Amino acid sequence: MSRCPLRALLLLGLLGAAAGQPLPGSAEQRCFCQVTGYLDDCTCDVETIDTFNNNKLFPRLNKLLESDYFRHYKVNLKKPCPLWNDSSHCGIRDCAVKPCASNEVPGGTESASYKYSEEASIQVGECEEAKRLGAVNESLSEETQRAMLQWTQHEDSSDNFCEADDVQSPDAEYVDLLLNPERYTGYKGPEAWKIWNSIYEENCFKPRTIERPLNPLASGRGDDGNSFYSWLEGLCVEKRAFYKLISGLHASINIHLSARYLLQDTWSGTTWGHNITEFQHRFDEILTQGEGPKRLKNLYFLYLIELRAMSKVLPFFERPGFQLFTGNENRDTETKNQLLEILHLTKSFPLHFDENSFFAGNKKEAAKLKEEFRLHFRNISRIMDCVGCLKCRLWGKLQTQGLGTALKILFSQKLIENIPESGPSYGFQLTRQEIVSFFNAFGRISTSVRELENFKNLLRNVQ
């Protein structure tokens, strides 16, 4: 008998679940036994990624993202949804963010902005909802605010895969990402499904006649996924990759929510930690009718794409004149050295994804497909402004911009190769927001891969 008898295990599980019997095998096996070996459309295997990420890259990247340059992200969380009439924010208390009235703001701190910090919310009485789970804590130290006034902005590039926020808008504000970790907020149900449904159904090249497995908003035909995966395998490699990237991003977000789950909320405080039941609900092979392991393998595909972009962008950052400027010269030099160490490390990865397989063949058709690919992804970045929970919106916008930046890097290879060793780079450019989102987005993917090891250990003795 094979180590992972997929069909037999799934059939026994479905029959047992219907009869009220315990699920077969261990919880670890049901979530992970298919997440092994080589990935489709790649020459890399899961085990190589685990070893490289968990032992080498993750600890270094995590430290880099704690620096002043990378922890502060400027974002507009007040943009209206451009796709449907829905100006309301998440209605549950844990997603609420309320603006404070002027008479509730302590002297010297009055602002038209939302007040997010726990300290401020204690002082302003009725605005205490702003410190709840879905709230965005936008408090910055006075020293950081002064330094940010000196931060320079780079020229933007025309080949963008995301609709970026106007950082000069009065509604764009800096957010300290370390004070606003991505975690469970309680934002779920029809409103959250609507966001993902719009992404998958309208932007992943899928005809409406093909039904996505386990779609909660589907017509209910009960498709077992066979027709969907037959359709997916028949796509060109670029469109198939597009779906895998979105599925991988979705999986990564679900891992974060399961790993930083609100386990207890009492008068004495809150407790966050791993919720293995939530993880099983999203990734168990039987509970997801075979979808869970596919989602996790798509996470690894996404990891390879962003890792490849990391390895390709080194010439842009290693120019002597390039600075990660915050105003503290010694700290900025240290941060750049850390970044260059990480980029050199990514180049040492032995089994990189080969992006040259994308948009090959007939140049005219390839250019048309690339533009279609880019426009679909830009539309997904616009959907993020429709997310009702502000903290979810923050991380959704950051991670889509980060992935969009990775794609921009991969498809700008010739421009990057022609970057001069000194002086400005006119052909290829990254804005500060692209840089911060790119590294933080990959940090989220790297964290997800690391968290899978934690969940394996937690599920080892669970049935």
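Each Cβ is built from the backbone N, Cα and C atoms, and glycine gets one as well.
Listed in TrEMBL for this protein:
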SIGNAL    1-20  signal peptide
DISULFID  CYS90-CYS95  disulfide bond
BINDING   ARG183, THR185, TRP196, SER247, HIS250, ARG282  FAD binding site
DISULFID  CYS389-CYS392  disulfide bond
ACT_SITE  CYS389  active site, nucleophile
ACT_SITE  CYS392  active site
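Here the features listed in TrEMBL are placed on the structure.
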residue : record           : Cβ neighbours (10 Å)
ARG183  : FAD binding site : 17
THR185  : FAD binding site : 22
TRP196  : FAD binding site : 17
SER247  : FAD binding site : 22
HIS250  : FAD binding site : 18
ARG282  : FAD binding site : 21
CYS389  : disulfide bond   : 27
CYS392  : disulfide bond   : 24
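Taking only the Cα positions, the spacing between CYS392 (disulfide bond) and TRP196 (FAD binding site) is 13 angstrom. Comparing C-alpha positions, CYS389 (disulfide bond) sits nearest to THR185 among the binding-site residues ARG183, THR185, SER247, ARG282.
Counted over all residue pairs in ARG183, THR185, TRP196, SER247, HIS250, ARG282, the record's binders of FAD, the longest Cα to Cα distance measures 21 angstrom.
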